[in-house]
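Comments concern the structure below.
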């Protein structure tokens, strides 16, 4: 293929342009080689270009699909316009980095971009950077990986113009190394490396016209690595621009440190420096640019000081530095005056305050310093002569001194930084970062530009040699034939500068001459090098300038000032003054001049500096000799050492480009850019690549892309190389245009473009063929459709005609039928009219006859009624007269009998009084009581039995009363039902009679019908009016309803906002909890590392990271100085049922607390985290109880003293009689209530009497005990003193009275029992009879005819009966419960062989707390069982296996000494796979059963220590094991333990779903609400630990599995980015597939199921996992331009479908995980949709604006037929999205969200898990033997 074949019609070429350097045109006609080329411009104009030869043809343009490549060497046509256009197109898409072979081209955007965060660092960490987007991090990662893999030193060379971004690029490279190579040690050398940057920027950077933060020196930083971690660093500096200290051009500034220092003039610390505003110093105000927009010098100063502190420079030394800087500023303000008119002599006024300040700051002698500022000393032989300086010389000497002082300070700070970053040991390797100035050319170039361009010549030479070396190695590796590549060698230009008798040598020689001048030096170099090809002069300025032909361009240098800048002289007398200063820092600075110079030659850092107060002449002479070395020679030596260091490393190049001089963001000026591209060597790289084989394809990629260019018979899918050879042999005849390597195909420049052209033509031909075929198919299909349509229309029309004809026939027949039917209807109507008339006449006649018969019958019936009534009245009157006579006789007889009975009663009364008087002699029989003590004990025992029977009888009495009442109610209802039945029967008869009257009234209703119709019409009109009013009212109500709905909507939105705020607060709290646990873990890691590194060191104190905030806060309180105890009572911290405390126990507890306070200082702080809180609660309760007891004792003392005199000794019997009367009255009232049938009142009365009897029984027991004790005392006294008879008589009377009362109560109870039993039997019989009668009545009612209302009433009666039966059943249940209560009380006396005296003395049953008597039946049973179990197991331990013959209460007995063993066995030593074999949550249940026992024994210190140990061990278990099973196991058990604590806490809201047994087992003594909060935080910590381990496993898999993995066959469609592939087909395969990712997700899901994680937590875990998958995959997509195309989008969508299907298979659709994949799904849809603003905005609803624009900028069209994404489209999409989403919003949160490029991987959704009660019965649990808990015992 010849060159002319490429310049055909439609070919795109570049033409030179004055404004844009190059412009694009299109060839209008084929080039025929006749010297003319006709082209069409972008404006449509035609131009004719003269062409002398084929070599003069303009450069060709690449196809559009190759534009925007991330590597310039991948372009088919490698030339200057293509490089420039590719950079511009990427820059306009915000892609500032572009690769050019081994060079990274960075274009300064002059805008802050969010592409340098830690998230971006992680994207490039351990990745194949060849596949990722170019970035400074990619270059750093490549250097780091090369160092790690090959143990070879690396270097990164950053160069460019001022303002191009060199310093920032170097800073980001060092940040990357510090991030990936940092350690977690205390030294943290990586932080110090980063801290050196702000210091060097402050003392070495300044504002220039081109850059606000321009580095005015070169630096080379070596970062040392040991075991792939940073161990130290060193820094070398080159060619500091000292002249900037004394002079700045317009709109420029001095070094930043001066302006930062001037902002501190008002600080008290800086008062001694005598600072002034920056505009008051000459050295800082010459450029008139005091302030930089957007920069706060005061804040920068604070950052500088912080960096100095971090590097170990003390505050005192910092103040010395600032003092020296202030002296420099004041030195610049010193005014030197002329002493005479000629200006030959000068002086400094004594009144010059700046000079005085300068001398005072440096502690110099003012007079001597004033002298040597204006004089100098010249040594001529043996004599020394003082000469004066003229004004210019004096000013020069002053400025030279200022420059020298700053230069010495700069070098000293660099040495101090090196000392801080120094590594004492031997480093394994290092990475050097060189930040050096690029090639510079100005209108006026001097000595500085000469040195800079000399350094760039050396670097360019090294760069070209390295590029050529890489090309050569690549060709040799692939074993292809190649010829030597000619490249530009700048060695002659370098020899011109640095060779013997070169420019620098001649300059140094002239500097040694006493009267050397710039002119003499110029004549020497012209004479010596006038014929050198790279040395030129101009005729007009031949005596003042010279030109050197550098590699970039020709540069003209002015000779003015070359000698002085090269000498850099300072007067020796001035230096001696500084050495004699009283300021030690200055003396150290200048006495160490020699050491500093020597150190700068050999090493980057000095070991230390010492103050040398004395020195020898020899040393001084060495210093002077060293100082006389010129700047040029020093720079040449340092440059030589730098090149040696770079040659020993593997270099990586970064070329920074400045797009414009206005510092405008994202503005690209091609002319400025092409100048820098030529100067920095990028075009030279392109030229070297273009000279060889720049385009390289792997066989696989070439096969996929270009297999369509050959016949299918030549395609061999098993051998890609053979197919590629067939394709190229057929298409390219010139064999020199390509070469076949081992793994790649190498192409000459332009060949790939030619292949793309052929491929495009092939696709176009195929497209035309497809279109032709489709159009034929479409036309035939349309023809057949029209033909079918015509046939259908014909069929329909014919059918329509036939239907019309049939309709006519049917109409004729219908008319005939209608006529016949009409005639028949007329005849039928006449017949019916006649028939009705006849029937009416007959009806009237018959009705008259019937009416006459009815009247006759009524008259006869009335006569009969009158006769019967008269006869009945006569008989009744006779009966009443006989009745009155009989009643009179009966009353007379009864009155007589009553009188006799009264007389008899009076006689009996007199006999009782006589007996009472006779019994008064019983008082003398008291002596016989001694013999009746045994009988009294037996009576007491019988009394106990009687009391039990009495309680049983009372319960049965209550039951009988309830049943009696119910039966009476049933009887009443039955009677009412019978009455209603009679009324219904009478009503039925009445209705029959009314039916006759209604028929008679029917005729009257017909007459009223017309009137009713009129009235109805009036009512209708009224209703219409009312309807209209109602409609209006409804409309008003609708408006109000709409208003209410709007308010409801607003309230709903408010609720949603509150829910969002709640979620954010919950998320923030969980994030803080996670951060707290992470800090705890970090602290523990540091402690373990410290312990491992210091074996013999003292064991450090335990960290308080495991303490809760409560314990940390409470440890600072004094238990005896608590504020306002009353306010803390109701704060929810106190137990619900505390046991009673006495004063003695309070005092003992106080002493215990005092002892604990002194001893707990040496205990583990983590174990007392929650115990101190409970102890504080107990202390508060004790103080309150003590206060109450004291008040009660005082009150009792007062009342006892006031009433002691009024108590009567003989009132006991009278009180007993009153109580007996009260009991009788109560019994009578109860009987009345039962007889009345009032069920509720009777029940209340019975309960009240039962409570009163219980109270009375307790009271009698206490009195009996008191009397018994008194009786025993009296008996003992009687043995010694027999004369005390009166007291014994009183005791005997009291005892006898108590016995009588008890007997009377027993009789009453027995009578009640028998009466109620009889009443109950009678009511049962009556109830059975009533039920039989009800059945008969229902049958009779159903047999008779009754209306609906009667049936409804009957049904209601039946329902009431059923309800009564239900009430009876419920009452029977209550009766059975009360019977169980009575039995429980009876058993309580005999439990544990307790006597009545012990029960009464202890006041409780079995030694349990007093509140046991108030618990319900189940709790009492539990405690009784617990007592029996604990008393039976005192002797030793029992087997943990369940025994069928025993009953357990769900507790495990444990001691405080066994806490560590229990927690270790259950938590640390438990294997997850073993725990999965048992019921879920078995460790949690075991721990809670221990808690229940501790609560039962009420050991507060034990529960605090136990829970603290559990918390610590749960945290420790996942840390000791890296397996993910441990956090999964313990999040399950922690959640279950938390729910169990809630379930058994006793709170009502948690007891709703409990069984009665579970409510019985609730905690009684401790409120563990605070611990529930601790365990909730622990759940969040375990949740975060699971996610962290999942991230470590999944993050390396996500991008290969989702983005890189390919299952679909591309079918010949391959990404254009395959052109840039540099790896083999096997290497390109993804490390992980989508199936691997799904397998990992399956494994996690199986683990969650195996360990029974709560389903809601599983859903949230997978939601978080899918969020991580989405965020990480989207990150990878945003840095992979080769994946941003249509073909790859199909594959990614296919991989995402696997994930969504997996969610459906696992029933996780409701978890919200699929919604987390929406951003990635929309990113894929973005590549597949139509590329316009509307489609993109509709598709990308979940992507941020920055993400959408970045994806569009990365999108690559695969063919010419694909939609192109232009920068204009990106701009329109961005504007549209900003308008839709942001609008005029001021919400900064929303703005920040839309501006983020990557989703935060550390973001975690708030963990929400509802309360789930347990159904496991604690008393039925079996503890596995494998847990090794044989030392415990079940209770």
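Every residue, even glycine, has its Cβ placed from backbone N, Cα and C.
Segment annotation: TrEMBL labels region 'Actin-binding' over residues 639-661 (candidates 570-592, 593-615, 616-638, 639-661). With respect to Cβ neighbours within 10 Å, the binding-site residues 160, 163, 165 differ, and 163 shows the lowest count. Sequence-distant contacts of the region 'Actin-binding' (639-661) (same chain, six or more residues past either end, CB-CB distance under 8 Å): 87, 91, 100, 102-110, 136, 139, 142-143, 146, 152-166, 169, 173, 209-210, 220, 222, 236, 238, 432, 434, 438, 454-455, 458-459, 462-463, 466, 601, 667-669, 672-673, 676-677, 680-682. Helix, strand and coil counts under DSSP for the region 'Actin-binding' (639-661) come to 9 helix, 8 strand, 6 coil. The Cβ of residue 167 (ATP binding site) lies under 8 Å from the Cβ of 201, 205, 213, 215, 435, each on the same chain and at least six residues away in sequence. Look at the binding-site residues 161, 162, 164, 166 and count other Cβ atoms within 10 Å of each Cβ; 162 has the fewest. For the ATP site, the Cβ centre of 160, 161, 162, 163, 164, 165, 166, 167 serves as reference, and the other residues of the chain with Cβ at most 8 Å from it are 108, 210, 211, 214, 215, 438, 656, 658. For the domain 'Myosin motor' (67-760), the model's average pLDDT works out to 82.
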